[in-house]
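**Q** First the structure, then my questions, so here it is.
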Amino acid sequence: MITRLFPAAIQALQPSCYLPLKRISLVLFALFCSFIHSATALAQERPKIGVVLGGGGAKGAAHIGVLRALEEMHIPVDYIAGTSMGAYVGGLYATGMSANEIESFLETIDWNNGYKDRVERSDRRVRDKQKEDRFQIGTDVGFDFWQLKVPKGFVQGQNMAKILRETSGNIAAKESFDLLPIPFRAMATDIENLTSVELKSGDLARAMQASMSIPAILPPLELGEQLLVDGGITNNLPVSVVKAMGADIVIVVDISNDFKGRDELKSYFAVMDQLTDFMIRKNTEHQLSLLTDSDVLIKPDVLGISTTDVTKMPEASQHGYDATMALAPQLASLGNSRDFQTYIDKKQRLRRQLERVDDVHVDRIELVNDSYYSDQVLLNRLNLQEGQELNTEQLEAGISSLYALDRFERIDYHLIQEGGQNVVQVDVREKSWGPNYIDLRFALEDDFDNVTKYSLGIGFNVTGLSESGAEWRTELEFGSDKRASTELYLPFVDEQEWFGLLGAEYSVERRNVPLSFISPELPDERFIDPVNYNRLTLDASVGWQPQLWQELNLGYRYISGTTEFVNFPESGRQKRQSLQGYTRFNYDTLDDIAMPTQGNLLMLELAVSRDDLEFDGNGSSKDVSTSIDLVWKGAYTIDRHTFVGKGEYGRIDSDSQFPLDPKELGGFLNLSGAPKDIIAAKNKIFTAAIYRYRIMDNDFGLFKSPVYIGGSAEWGGVYNSTKLSLSEIPTYFAGSIFTGISTPAGPLIFAYGKTERNYSSFYVQFGGSF
């Protein structure tokens, strides 16, 4: 090889040439310099290779298979750019990850969870859970005076941002994405003027998310002065961008499909795919026209995979691999084992040099607060300490704790260098469609015999009344029962650990009660009578909330009301006035109140009441009573099997023969088969074991509606005398079988129940509880 490269120099060294020593030295020096120059020139002769990864949702997993095949063929990637899912895969690859590392995420990431932002019930505040359990239709509609406001997207991308941060390694913001192990570009669209935007610096995870923000599903992502959405609208296949970066040869991965025919447009997702393909087709064709004979176009066969079918991502990856290997003869000239190892070594060295949140000492936490909360409230909820090392797990836990207040549109963070310090900047943005919100209620319960109840309701929650988070909630309900309530929530300190509640409620309720409280047994016949209850309740309490799922209240109630038997008006009305002091403890981690799969609920209330009773034409009486109420419910799930236990105990110590607030049994999962509240007395004991089997997942990505079948075994009774032993209490066994579906608007349940003494009922229930 040296003879071929330097023939003149070799000829000068032939034995027939006798040169002075000085001249020989000069020739050797010239030979050395010429060799170095030629070797460098040879190294530079390797063409720079750029890879372009197009958008396409779940089909974009094909890009991973393409990259895996390129690695096996020892083809280096010098530049990479992508759009939407292509920006995600390309961004990860640009950080130095291998295709196998990226592919491992397909098996561990719940992509559907990225399109859900609603705070899980188990993570919410106790008072928010109680509101949500009754007003189960969370519209997420806001209002300001008489103007209704809605979110900019179906979801806000909070969970998706978490996925992107964690999978990309949570690296620090970059002045240029050219500083990554592989220079990278992500494509987005400025929604204001529908122009293509090339993202080449800043926070990598945010750049990837901007490129993936599908309009109407996710809101525009604000970067600088621009509102950015999915880049596929304007440049789904950024060939021109990679060429401008310096690529000599471009490998393009196009996962767009041909348009579907009429027979294929049979679902919402098929129509969405068609619309997506139509939007990107024109700009894709323009970019493909820029390819030259030296470029390579790869089109994986992903026709049977929709943009939303994340379950087929491993299949898409394999299609990408197969399509690339099919072009191995065309790609063979681009591979070189020696050069590839040098390329890998350099890439890994640069990867180790990337600054990550997990690797740095955090000097300062900086808030960008766009909410009505004070900075101190946010910092207390984040619970992050300056001047120490913080890892991704701690940061994400702090963000989740703050987001659980459910008053924010987005909470983001990123690592920046400022004045020689490592600063974690936390961006907190209040819901732009707030600060006031509307919730709805619809509930139906029918046993096709004795009881039919329905309820329609609307709730108004006014937030932002103080920097510590004061709120005012008003609820209205109509139907078989009527109810109006209002409550003011007043945190005392920035930690929101201590708070006050002031409330008022007026209700008109019709209940079926037994004709006698003296012998509270299941009658051989259904002797029950409708009774109208009118009640006004005023409530004031102080609360302590050590955790979002724990609450202790100490309060005082005033109750004024009347009770009237509908079928026996001659018996007159019973009027009451009660003053109650109470303490109540709530512990609630259930993930769903009606169909839980995990968690526990425990409620304990102790009360002392002074009651003044007046009977129309029959005198009056006074009484002092004490009461205890204990409720427990727990759920545990193994695979598709869910086991639920529940227990209730209630007791009233009173001289009165007729309890003002009796303990009742009867109804579905409350002595199934018996009419609702058919037996009542001063005291109650009840327990139930419930089993559910999930027969269908119905995972639609944005929400789930699982279908269950199940059954229950129940036991319990009511009684008046506390001197009775357990064996002397009139108790009954009951059971049920049921099927149900959990919908976004609440559970829909069909059931059959049977109790001793030949009581049985069919049930249909929907929505909230009564």
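Residue positions begin at 1 at the first shown residue.
Cβ coordinates are placed from backbone N, Cα and C, and glycine is handled just like the others.
All annotation found in TrEMBL is predicted automatically rather than curated by experts.
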**Q** Choose the correct range: of 55-60, 445-450, 481-486, which one does TrEMBL annotate as motif 'GXGXXG'? Give that range.
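**A** That would be 55-60, per the motif 'GXGXXG' entry in TrEMBL.
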**Q** Give the range, chosen from 82-86, 152-156, 357-361, that TrEMBL lists as motif 'GXSXG'.
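**A** From TrEMBL, the annotated motif 'GXSXG' range turns out to be 82-86.
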**Q** Return the average pLDDT for the motif 'GXSXG' (82-86) as a whole number.
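**A** Averaged over the motif 'GXSXG' (82-86), per-residue pLDDT gives 95.
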**Q** How big is the gap, in Å, between the Cα of S84 (active site, nucleophile) and that of D230 (active site, proton acceptor), rounded to a whole number?
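**A** With the alpha carbons as reference points, the distance is 6 Å.
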**Q** Write out the long-range same-chain contacts of D230 (active site, proton acceptor), meaning residues 6 or more apart in sequence whose Cβ is under 8 Å from its Cβ.
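**A** Spatial neighbours, sequence-distant, of D230 (active site, proton acceptor): G55, T83, S84, A188, T189, S211, M212, S213, I214, P215.
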**Q** Need the DSSP three-state call for S84 (active site, nucleophile) to compare against my parser.
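**A** Where S84 (active site, nucleophile) sits, the three-state DSSP reduction gives coil.
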**Q** Over the span of the domain 'POTRA' (360-431), count residues by DSSP class, listing helix, strand and coil in order.
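**A** Result for the domain 'POTRA' (360-431), in helix, strand, coil order: 20 helix, 32 strand, 20 coil.
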**Q** Three states by DSSP: which one describes D230 (active site, proton acceptor)?
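**A** Once the DSSP labels are grouped into three classes, D230 (active site, proton acceptor) ends up as strand.
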**Q** According to DSSP, how is the motif 'GXGXXG' (55-60) divided among helix, strand and coil residues?
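**A** The breakdown for the motif 'GXGXXG' (55-60) reads 4 helix, 0 strand, 2 coil.
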